[in-house]
Amino acid sequence: MTVLKPIRLVLLGAPGSGKGTLTSRLLKNVPQLSAISTGDLLRNEIAKKSEIGSVASGYIKKGQLLPDKFMAELVSSELGNRQWLNNKASFLLDGFPRTINQATELDKSLQTHDANINLVVELNVPPEVILQRISNRWVHQPSGRVYNLQYSPPKVPFKDDVTGEPLIQRPDDNPETFKVRLDGYFKQLEPLKEFYQKKGVFDVVSGETSDIVFPKLLEVVEKKFS
Ligand code: AMP
């Protein structure tokens, strides 16, 4: 797809709603788009055993959100490092902002560069579908590639298609922690939605699988930017 305007896109979706999968598919279809996934960012920091990783691991294990200020600073510095804090860059944020405070902080830091978020898409997947899906989710941790044993299995069982490295199940995908994460998401969703609705940049796509949701997402992006 050829886009004519810079895309500054946020994907909002419950854990397990397919944000990771849809992000990868979108990046393949829209060459000028790059993404930051805060979950992947934090998991890589944990793997590196960095200071950020040591703060993050306790929260992630319990399924809790990291403090807003910490996350806002992390994302802001990541945007800066990648030289995306300008009004020419196109990017997608997956997993951030997750609270109204994070959205407000993001807004402040983008506003000074005349680069506010110009599209927010909520991925609306029924919770019962998500719960069923999550037990089949396996990931390639270094890249963030996500597989579903039922819908999108790896070519070789439990191995990443690209590197052949082993896949893992995320420790925070166990039923107890997952419930905390899912409840947390729905608690934050309404104020976030309202925030972006007021700015006139909010849209929603619904469906039970990423194969159903993806074409709808692509259409929303195409309509807005090409
Ligand atoms: P995810 O891979 O997006 O499901 O994120 C995994 C975990 O990382 C979450 O359950 C949180 O503990 C943490 N995390 C990721 N993004 C954020 C965020 N924007 N705010 C706070 N915590 C986050």
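Note: Cβ is positioned from N, Cα and C throughout, glycine not excepted.
Automated prediction, rather than curation, is the source of TrEMBL annotations.
Sequence annotations record features per position, and here TrEMBL assigns GTP binding site to Gly16, Ser17, Gly18, Lys19, Gly20, Thr21, Arg137, Val146, Tyr147, Ser210. Taking Cβ-Cβ distances under 8 Å and a sequence gap of 6 or more within the same chain, the neighbours of Gly20 (GTP binding site) are Ser37, Gly39, Asp40, Asp94, Val139, Gly144, Arg145, Val146. In the three-state DSSP scheme, Gly20 (GTP binding site) is classed as helix.
DSSP assigns Arg98 (AMP binding site) to coil in the three-state reduction, placing it in neither a helix nor a strand. The AMP binding site annotation in TrEMBL covers Thr38, Arg43, Gln64, Leu65, Leu66, Gly95, Phe96, Pro97, Arg98, Gln102, Arg170, Arg181.
The average pLDDT computed over the domain 'Adenylate kinase active site lid' (137-172) stands at 93. Per TrEMBL, the feature domain 'Adenylate kinase active site lid' maps to 137-172.
Residues or ranges marked as region 'NMPbind' by TrEMBL: 37-66.
A Cβ distance under 8 Å defines the sequence-distant neighbours of the region 'LID' (136-173), meaning residues of its chain 6+ beyond its ends; these are 16, 20-21, 24, 37, 39-40, 43-44, 47, 60-61, 63, 181, 209-211. The feature region 'LID' is assigned by TrEMBL to 136-173.
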Nearest of the binding-site residues (Gly18, Arg137, Tyr147) to Arg98 (AMP binding site), judged by Cα-Cα distance: Gly18
Of Gly16, Gly18, Gly20, Arg137, Tyr147, Arg170, binding-site residues neighbouring ligand 1, Cβ under 6 A: none
Spatially closest candidate among Thr38, Gln64, Leu66, Phe96, the listed binding-site residues, to Tyr147 (GTP binding site) (Cα to Cα): Thr38
Spatial separation of Arg137 (GTP binding site) from Arg170 (AMP binding site) - C-alpha basis, Å: 8
Cα separation, Thr38 (AMP binding site) to Gly16 (GTP binding site) (Å, whole number): 15
